[in-house]
Amino acid sequence: MALEIAVLAASAAYAGGVFTYEEPEGLDGRLRPGHLVLVPFGRSGRPEPGIVLRRISGRRPARSQQGDRVENDRARKTVLRSLEEDPILDPPRLEWAAWLSRTYLSPINECLRLMIPSGLIPHREPIYERVSGPTGGGLEHAVAVSFAEQVLLTALAEGPLTQSEVHAVLRDFPMAERRRALQRLLQRGWIRRSWRIGERRLPTLRWVRLKNLPDPGFRLGRNRAVIERRRRLLERLQEAARPLPADWLQAEAGCSAGDLRQLARWGFLELFEQPAWETFDPYPVPEEPPNLTPDQALAWRPIARALEAGRFHAFLLHGITGSGKTELYLRAVAETLRRGKGAIVLVPELALTPQTARRFEARFPGQVIIWTGGQSPAQERALWERVRRRQARVIVGTRSALFVPIPDLGLIVIDEAHDPSYKQDVQPQIPYLLPAYHAVDAALALARRVEAVVILGTATPGVELRHLAERGVLEELSLPRRLRGYRQRLMEQARQFGASLDRFVEVETEALESGLPPVEVVDMRQELKSGNTGIFSRALEKALDQVLRRGQQAILFLNRRGAAPFLFCRDCGHLIRCARCDLPLAEHHHPTRWVCHHCGAVEQPAARCPRCGSRRLKGMGIGTQAVEEAVRKRWPEARVLRWDLDAAPTRATHALIWQRFANGEADVLIGTQVLTKGLDLPLVTLVGVILADVGLGLPDFRAAERTFQLLVQVAGRAGRGLFGGRVILQTYRPDHPAIAAAARYDVESFYRKELAFRKAHGYPPFQRLVRLLYWHADADRAREAAERIGEALRHHLERKEAPPTAMIGPAPCYFSRLRGLYRWHILLRGPDPVAWLRDFPLPPDWRVDVDPLDVL
């Protein structure tokens, strides 16, 4: 019996990704669609993972999902082995992968790769052994045998070598020469390559159990420091009264693995390993859910009915910031688990994952895992095993968590559904064959196939989401009032801080509501006219004075990193640019350096202008570092934290900064757009937007919408607790529709105006867009390739009878050079531009971005 298999090797995608293999005799009849198998692929026969798509009867050539002939019967190879006892993907997910392939013009194997944890794939390593070779007269006299080949043949005469051992033997030769030597010897038949497939070890975690405590007089080490940390280690274990993970214990007690081994040798500890998905944590009693407010109860009823029906249904939960959307997510997850199904909860940012996970872990202890896409293969395997064994039924994570094949999926929640982070980037280092999916669209497609409920929550729904709701694709639910908190918690805070609850409105026995914080718009043009040339307007400076005097907290938002976004010469006007991007370098401090925010290049500051030699180089504009310096100078007693990519490059540092601010260890938090996303900080009474105009000038039809959403979201960080709050928005364009609407929290007015603009100009949601991108290091070759494809595509569209306005370009991108590559693009616009491209032979070095979020 033949099998159609999607081979998960990256190189397989360029040949369509789907190939026909024979089922081995030992597995005859047992392999079914969704099985993970290992197959020989390519001329080298390298073992590669694959997913069985279907069984094929008869001897006719198989065809791929796209209808292409995938392989000649005479060349069929045989499946090497099955990697799992049962299929790891069910039929609905295989259908979903086919939908991703059709929708985003990506081979189905690339779509399936997103669903397979790398920890499931065994390690494969080539083994080389000598078969024959030049003999007689010595190797040094052999014709056309390079010195590297001689060295390798001599080493192989002693016995077979692995790939790493070959490189060690040829370490004195350049990498290109090593590869040539191997290739030539293989082609001559003098050496043979086979493959060693490693056994997949199930990931384990090392644990520590306390056995005995030492006698009071026992000396735990040679010096005081060693004795102290080992005593601390034993105390932690005694307090826990249960085994603890070794790596956590080492970090907590400040000890080393050597300390653990020594204490184990003395008999005080036992070290052992458990499967990584097993735990000794005593799960706490689940947190009791609060009563719902009338608004929440009204929104909850249709969600509950949809979950009870067990059929596909999609909701747009439009709730203002702080209105209690998360409580409805938690209720929906609880009802899903009660019905024996699983749930996926997506958040837009890595920084938000721990905070969101804590809320869900408190309600569903022991059933939540975090999936962010940045785990090691072993970690992925451990998490996947917990999901597969139904030990974890709730997945919280970024967009990649959507692809975890959780059994019996019943609910998908997407928080901050308007956020652009849910769209997969299209970049030169990312193969075009990887689907440039949007998690919202992909979630709706998956939910239709598994009969799940989808909740898209947001305070600022995008134009496309609102349009889907108006068309009836989504059912819109509203939470129009802000939920400030619950009476018991707020009364405790009031007693602690000596505050009053008089200004709150009681809407139920426990819940208290209040309005959104007022927004004051400051025209910075008038500030300049009155002589204020500083970063802070007089209103913001006075408000910060009050907040710091009262011991409260403030957030200062500026969506721009660094100290100054531009550097130029004050004598000749020369703008300092990145050598790889032709874009301005930004000035950064501590340490002082020039940084490109597009490619990450770092340059040491030059003392003189490269054009005229002047020393008068000046940074212009402001970034978050400049704001931090200004705050420290004006309020030296204030405790200041900065939260941007420079200050928090990793998930751990994101969590640390948020935790420190939430614990009250800082008075002012300065940051970029990460501050706008779902942070609940009840002591923040002031949000200052340093410059609301950032991003408005970009030549992109979504620029106004993106600015509006950022401003409304960051304004919502103020006044979420006991003391209320206010927002001060500084701008040079107070009359711009996005800024004026954001200051009034007027989502409806902004939506109507933006919808009319999109309709008049043929932008989404009235027409769909597909963007084709091309990069090359040579400017002329980039232009020629773009013009050549543009001409061919124009004739193709004429044959399809597409309107003349269907194609825009080719033209250089707005950012015409990035990372040393010249960028050109072509835009297709129409009801279904993807259909025009399905039979167009686009070269593999072009990238396809379906429904792009920007056209820069």
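Just so you know, the numbers here start at 1 and follow the chain as drawn.
Cβ coordinates come from backbone N, Cα and C, glycine included.
Just so you know, TrEMBL annotations are computer predictions that nobody has curated.
Here's what TrEMBL has on this protein:
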- Cys569, Cys572, Cys609, Cys612: Zn(2+) 1 binding site (BINDING)
- Cys578, Cys581, Cys596, Cys599: Zn(2+) 2 binding site (BINDING)
- 306-479: domain 'Helicase ATP-binding' (DOMAIN)
Integer Å distance between the CA atoms belonging to Cys612 (Zn(2+) 1 binding site) and Cys581 (Zn(2+) 2 binding site): 22
In three-state DSSP terms, the structure that Cys609 (Zn(2+) 1 binding site) belongs to: coil
Cys596, Cys599, Cys612 as binding-site residues, winner by CB count within 10 A: Cys596
Site with most surrounding Cβ atoms, counting all protein chains shown within 10 Å, from the binding-site residues Cys569, Cys572, Cys578, Cys581, Cys609: Cys578
Rounded distance in angstrom between the Cα atoms of Cys596 (Zn(2+) 2 binding site) and Cys569 (Zn(2+) 1 binding site): 18
Whole-number Å value for how far Cys569 (Zn(2+) 1 binding site) lies from Cys578 (Zn(2+) 2 binding site) (Cα to Cα): 15
Zn(2+) 1 site, defined by Cys569, Cys572, Cys609, Cys612: further same-chain residues with Cβ within 8 Å of the Cβ centre: Arg570, Asp571, Gly573, His574, Pro610, Arg611, Gly613, Ser614, Arg616, Leu617
Cys609 (Zn(2+) 1 binding site) to Cys599 (Zn(2+) 2 binding site) - Cα separation in whole Å: 22
Three-class DSSP secondary structure - Cys596 (Zn(2+) 2 binding site): coil
Sorted by sequence, non-Cys578, Cys581, Cys596, Cys599 residues with Cβ within 8 Å of centre, Zn(2+) 2: Ala579, Arg580, Asp582, Leu583, Leu585, His597, His598, Gly600, Ala601, Leu818, Arg819
Segment confidence, the domain 'Helicase ATP-binding' (306-479), expressed as mean pLDDT: 89
Rounded inter-Cα distance in Å - Cys612 (Zn(2+) 1 binding site), Cys599 (Zn(2+) 2 binding site): 27
Collapsed DSSP category at Cys569 (Zn(2+) 1 binding site): strand
